[in-house]
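Peer 1: Just dropping this structure here.
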Amino acid sequence: MNKFSSVWVFSDTPSRLPELMSGAQAVGEKVNAFVLNEADSATACHLGADHVWLLSGKPEDRMIEDYAAAMAETIRQHSEGGAVLLPNTRRGKLLAAKLGYRLSAAVSNDASDVSLQDGKAAVKHMVYGGLAIGAETIASPFAVITLSSGTFDAQQPDASRSGEMHTVQWQAPATAVTRTATQARQSNSVDLDKARLVVSVGRGIGSKENISLAEALCQTIGAELACSRPVAENEKWMEHERYVGISNLMLKPELYLAVGISGQIQHMVGANGAQTIFAINKDKNAPIFQYADFGIVGDALKILPALTAALAR
């Protein structure tokens with residue numbers, strides 16, 4: 001497989017770093033990682049970074065993405081081309097845009113596949129709501145790419161690995177957003193990417209209060225709770241970070257238990273990587289049953305308590 005001579009990685013979300021590092025090693029010869037603190041420096045080395053660049057000196061009232069100027073200058077000084085891999089988080093995409101401008105590079109978001117073909121970056125991602133795969137070839141020397149969750153398997157750390165350490169000093173941008181206050185968001189977010197068992201609820205659960213039935217099942221079998229996009233975005237019953245689908249989480253658990261989820265393609269793109277899909281839906285014609293390995297047609301409000309009781313024995 002052809003590889004980029006140099007790949008640069010940064011993740012604003014620590015849980016996404018192992019996957020990004022795995023991707024960087026799969027497509028790059030030399031792996032560089034930008035990090036925000038000393039602890040992340042060691043982690044990046046153990047995950048396979050050849051060079052670790054510690055971002056330092058940012059004032060407390062400035063945003064992480066304001067490191068873009070210093071990052072771009074570092075990338076230009078130490079490579080003539082290559083790929084920059086970021087998570088497809090909100091901050092990841094904002095930083096991608098800033099780096100793309102400063103590196104005169106094309107930016108591709110939500111990539112599900114990255115490779116080097118004929119000396120150019122080849123990127124694939126979902127289009128038309130998950131109904132098709134779009135393929136792009138990036139002609140610019142640098143390619144800035146945000147990766148969808150689950151594109152690569154997470155890299156396992158190796159404490160025996162080491163890399164060369166560097167420091168990148170803060171450069172104040174000409175214009176910047178200044179943070180005037182910070183308020184912690186109330187969230188019970190969990191790293192669903194690593195969950196072995198996932199119970200996911202859709203609007204078929206009926207109400208926010210009924211989600212407690214799925215939570216009880218999760219506690220019984222040691223699963224994590226997820227949801228469909230309408231539950232998070234429309235009904236506001238659960239956090240945005242928990243919804244599965246093309247524009248958010250792409251999961252690959254051993255078991256995905258879909259409760260009251262119709263099974264539209266936009267959702268299933270994020271769930272179809274599961275080893276086993278189990279569906280509960282009162283509509284026997286729901287699309288979810290076309291994807292499910294096992295299914296029950298019936299009222300989830302009756303089935304969930306019975307299933308929880310049976311599995312608790």
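Glycine too: its Cβ is placed from the backbone N, Cα and C atoms.
The FAD binding site annotation in Swiss-Prot covers 255-283.
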Peer 1: Here are the binding-site residues: L255, V259, A271, A279. Which has the lowest count of other Cβ atoms within 10 Å?
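Peer 2: If we count Cβ atoms within 10 Å for the binding-site residues L255, V259, A271, A279, the smallest count is at L255.
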Peer 1: With every protein chain in view, what's the tally of Cβ atoms within 10 Å of the Cβ of H267 (FAD binding site), excluding that atom itself?
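Peer 2: Excluding its own Cβ, the number within 10 Å is 27.
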Peer 1: Going by DSSP, give the three-state secondary structure for L255 (FAD binding site).
Peer 2: strand
Peer 1: Where does A271 (FAD binding site) sit in the DSSP three-state scheme?
Peer 2: helix
